[in-house]
Amino acid sequence: MTNIRKTHPLLKIINNSLVDLPAPSSLSSWWNFGSLLGVCLGVQILTGLFLAMHYTSDTATAFNSVTHICRDVNYGWLLRYLHANGASMFFICLYLHVGRGLYYGSYTYSETWNIGILLLFAVMATAFMGYVLPWGQMSFWGATVITNLLSAIPYIGTELVQWIWGGFSVDKATLTRFFAFHFLLPFIVAALVMVHLLFLHETGSNNPTGIPSDPDMIPFHPYYTIKDILGFLIMLTALSALVLFSPDLLGDPDNYIPANPLNTPPHIKPEWYFLFAYAILRSIPNKLGGVLALVLSILILAIIPILHMSKQRSMMFRPLSQCLFWLLVAVLLTLTWIGGQPVEHPYIIIGQTASVLYFLILLVLMPLTSITENHLLKW
């Protein structure tokens, strides 16, 4: 008799995705981050659901409702900090996942890659709106500064900002709609994840060598299920350590001050995972130019497949490209550091240099290096 997992209409889909899926035998730990992101999304949706049961999206009570969750709700503090630090783990895994795709040439699967970019934007939007909900000082001023960037759009900018705010400033209407969208978007993300996986399973996974691995495949279960479970344990241990020992390590102390439109914090900055983009935004003196650079810093990923000039897919056997890749990582870390610093000398010039380098590496140096490597190998 045929196994039910191979015949049942629903179980068959799960079986073909998680059990009998043929996977390359050479996948390294860099291929763990997809499943880790799935776990992060699950944790965020669950903790977020329980938090939403106690949260009120009203300017008068939002801050107090978060305090109430931490003080009066059973394990409310745990839910709140798991959700806040879970977002940080989400972005760590997300950036490592994108980095893996860049390094090993996974972007040549264009549909999977483009859905991934959409997912990145959706997760960033969700995180931004979530940061506004506790209604602390940094929530309020972060929302004001970031939404105000849309006013740089010619002709419709000002009207667009007021339309998003639901008034003439960030207020009750803004908080209510941000809560609604923050609740809705993770489910849209979950749906996009399904599409992401659908396109991935059309082509099969890439592998570290970048060479087709059709003759050498192994079943996903038990080999990669056990490998993924080890990844889950490591990530959940790290998340637990962060939540239980230093839950406010990655947060901003200003967010423990209730939102006050009459008092601006000395340094307005987003959460750490947006600092690199924030640094690029601030490095351009022109408002519209800064906004364009901010959007392009992520959207540039969409043209990476077009800029792929190498005859090899992966960077595994391309030492010159590897050097450039790690330089790009260093530039991104520098931008993250600069984003959290005040706008003064020498941080301004460091930020501008790093911003120019970021675009230069991706748009010019990487394609040129790929062409050089082709010539070195007489291709």
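Cβ atoms are placed via backbone N, Cα and C, with glycine included.
Annotated in Swiss-Prot:
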BINDING   His83, His182  heme b b562 binding site
BINDING   His97, His196  heme b b566 binding site
BINDING   His201  ubiquinone binding site
TRANSMEM  33-53  transmembrane segment
TRANSMEM  77-98  transmembrane segment
TRANSMEM  113-133  transmembrane segment
TRANSMEM  178-198  transmembrane segment
TRANSMEM  226-246  transmembrane segment
TRANSMEM  288-308  transmembrane segment
TRANSMEM  320-340  transmembrane segment
TRANSMEM  347-367  transmembrane segment
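Cβ atoms under 8 Å from those of the transmembrane segment (288-308) belong to residues 98, 102, 105, 107-108, 110, 113-114, 117, 120-121, 124, 149-150, 152-154, 276-278, 280-282, 355, 358-359, 362-363, 366-367, 370 of the same chain, restricted to positions at least 6 beyond its ends. Summarising the environment of His182 (heme b b562 binding site), the number of other Cβ atoms within 10 Å of its Cβ, over all protein chains shown, is 21. The transmembrane segment (33-53) makes contact with the transmembrane segment (226-246), as judged by at least three Cβ pairs under 8 Å among residues 6 or more apart in sequence. Within its own chain, the transmembrane segment (113-133) is flanked in space by residues 48, 55, 57, 62, 66, 87, 90-91, 94, 98, 101, 106-107, 139-140, 142-143, 146, 170, 174-175, 178-179, 181-182, 185-186, 188-189, 192-193, 195-196, 199, 270-271, 273-274, 298-299, 301-302, 304-305, which lie at least six positions past its ends and keep a Cβ under 8 Å from the stretch.
Sequence-distant contacts of the transmembrane segment (347-367) (same chain, six or more residues past either end, CB-CB distance under 8 Å): 279-280, 282-284, 293, 296-297, 300, 304, 307-309, 321, 324, 327-328, 331-332, 334-335, 338-339, 341. Within its own chain, the transmembrane segment (226-246) is flanked in space by residues 27, 29, 32-33, 35-36, 39-40, 43, 78, 81-82, 85-86, 88-89, 93, which lie at least six positions past its ends and keep a Cβ under 8 Å from the stretch. Candidate binding-site residues: His97, His196, His201. Nearest to His83 (heme b b562 binding site) by Cα distance: His97.
For His83 (heme b b562 binding site), the count of additional Cβ atoms within 10 Å of its Cβ stands at 21 [all protein chains shown].
Beyond the ends of the transmembrane segment (320-340), by six or more residues, the same chain brings 99, 102-103, 269-270, 272, 274-280, 282-283, 310, 347, 350-351, 354-355, 357-358, 361-362, 365-366, 369-370, 372-373 to within a C-beta distance below 8 angstroms of the stretch. Non-local neighbours of the transmembrane segment (77-98) in the same chain are 30, 33-34, 36-37, 40-41, 43-44, 47-48, 50-51, 66, 69-71, 116, 120, 123, 127, 130, 235, 238-239, 242-243, 247, 250-251, 271-273, 301; each lies 6+ residues outside the stretch with a CB under 8 Å from one of its CB atoms.
Sorting the binding-site residues His97, His201 by the number of other Cβ atoms within 10 Å puts His97 first. Reported as a whole number, the C-alpha separation between His196 (heme b b566 binding site) and His182 (heme b b562 binding site) equals 21 Å. According to DSSP, His83 (heme b b562 binding site) sits within a helical segment.
The two recorded residues, His97 (heme b b566 binding site) and His201 (ubiquinone binding site), show a Cα separation of 17 Å. Comparing His201 (ubiquinone binding site) with His182 (heme b b562 binding site), their Cα atoms are 29 Å apart once rounded.
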